[in-house]
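Enquirer: Sharing the feature lines straight out of Swiss-Prot:
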{"type": "TOPO_DOM", "residues": "1-53", "note": "topological domain 'Cytoplasmic'"}
{"type": "REGION", "residues": "1-20", "note": "region 'Disordered'"}
{"type": "TRANSMEM", "residues": "54-74", "note": "transmembrane segment"}
{"type": "TOPO_DOM", "residues": "75-97", "note": "topological domain 'Extracellular'"}
{"type": "TRANSMEM", "residues": "98-118", "note": "transmembrane segment"}
{"type": "TOPO_DOM", "residues": "119-122", "note": "topological domain 'Cytoplasmic'"}
{"type": "TRANSMEM", "residues": "123-143", "note": "transmembrane segment"}
{"type": "TOPO_DOM", "residues": "144-150", "note": "topological domain 'Extracellular'"}
{"type": "TRANSMEM", "residues": "151-171", "note": "transmembrane segment"}
{"type": "TOPO_DOM", "residues": "172-235", "note": "topological domain 'Cytoplasmic'"}
{"type": "REGION", "residues": "202-235", "note": "region 'Disordered'"}
{"type": "MOTIF", "residues": "208-213", "note": "motif 'FFAT'"}
Amino acid sequence: MNHLPEHMENTLTGSQSSHASLRDIHSINPAQLMARIESYEGREKKGISDVRRTFCLFVTFDLLFVTLLWIIELNVNGGIENTLKKEVIHYDYYSSYFDIFLLAVFRFKVLILGYAVCRLRHWWAIALTTAVTSAFLLAKVILSKLFSQGAFGYVLPIISFILAWIETWFLDFKVLPQEAEEENRLLLVQDASERAALIPAGLSDGQFYSPPESEAGSEEEAEEKQESEKPLLEL
């Protein structure tokens, strides 16, 4: 048997799914269409989708988690005050963890500004933060002396690297596709509602209803029948 090429099969599958979604939408009555439109408009009025809000919460968790680990590291290495002076005031690229904390602050500011305040629908902001984070951490791991300072020399760079890439995956595979799908659904529902408004309403059963004969008409027929039978009785 001849098999269709893969791209033709994908095209047929996509067209069938789109036709199925259109049939599903057109099969809904106008009241349900209006309810769906109002629900989508309500989501638009909220300003930010649920999945985007979850992404922003994860970005905040990234900053707080790295900050917590850095504070623990300051306590372990001789007290917060003394270690803070050593890592911030007398900053040394080869032995300080302060730059990893600043890297988390950089990710937080760029991502919250881009995807919560400006509500971007593009991946360039997350690509910037992930590229900067990956390049900086790789350079620091290769050039610095963090591994000689105990467990935190491994933990902080690895955690920062993993969190940055989880944010990238979540935005690219969850936030942007889901919001695009919801927008397409809204357009389909609005188009279906506009077409439904142009289609005349179907004929109801009441338009084909024939009322029963009235009692007045039946009484008149009975009187006429009696009058026609009277001459026959007289004979």
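Quick reminder: no glycine exception, Cβ is built from N, Cα and C everywhere.
Help me see these features in their spatial surroundings.
Expert: Confidence in the topological domain 'Cytoplasmic' (1-53), given as mean pLDDT, stands at 57.
Through the fold, the transmembrane segment (54-74) approaches residues 48, 80, 83-84, 87, 97-98, 100-101, 104-105, 107-108, 111-112, 115-116, 152, 155-156, 159-160, 163-164, 166-167, 170-171, 174-175 of its own chain, all at least 6 residues removed from its boundaries and within a Cβ separation under 8 Å.
Using a Cβ-Cβ cut-off under 8 Å and counting only residues 6 or more beyond its ends in the same chain, the topological domain 'Extracellular' (75-97) has close neighbours at 140, 143-146, 149-150, 152, 156.
Tertiary proximity for the transmembrane segment (98-118) is limited to same-chain residues at least six positions away from its ends with a CB under 8 Å from its CB atoms, namely 48, 52, 55-56, 59-60, 62-63, 66-67, 70, 87-88, 91, 125-126, 128-129, 132-133, 136-137, 140, 156-157, 160, 164, 167, 171, 175.
Residues 76-77, 93-95, 97, 156-157 of the same chain, all 6+ positions outside the topological domain 'Extracellular' (144-150), place their C-beta atoms under 8 angstroms from a C-beta of that stretch.
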Enquirer: Determine which residues of the chain contact the transmembrane segment (123-143) at the Cβ level, with the cut-off under 8 Å and only residues 6 or more beyond its ends counted.
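Expert: 93-94, 99-100, 103, 106-107, 110-111, 114-115, 157, 160-161, 164-165, 167-168, 171-172, 176.
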Enquirer: So what's near the transmembrane segment (151-171) in sequence-distant terms, Cβ-Cβ under 8 Å and 6+ beyond its ends?
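Expert: Apart from its flanks, the transmembrane segment (151-171) reaches 54-55, 58-59, 62, 65-66, 69-70, 72-73, 76, 97, 100, 103-104, 107, 111, 115, 123, 126-127, 129-130, 133-134, 137, 140-141.
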Enquirer: Going by DSSP assignments with H, G and I as helix and E and B as strand, what are the residue counts for the topological domain 'Extracellular' (75-97)?
Expert: 12 helix, 0 strand, 11 coil
Enquirer: Taking DSSP states H, G and I as helix and E and B as strand, how many residues of the topological domain 'Extracellular' (144-150) are helix, strand and coil?
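Expert: Computed counts for the topological domain 'Extracellular' (144-150) are 4 helix, 0 strand, 3 coil.
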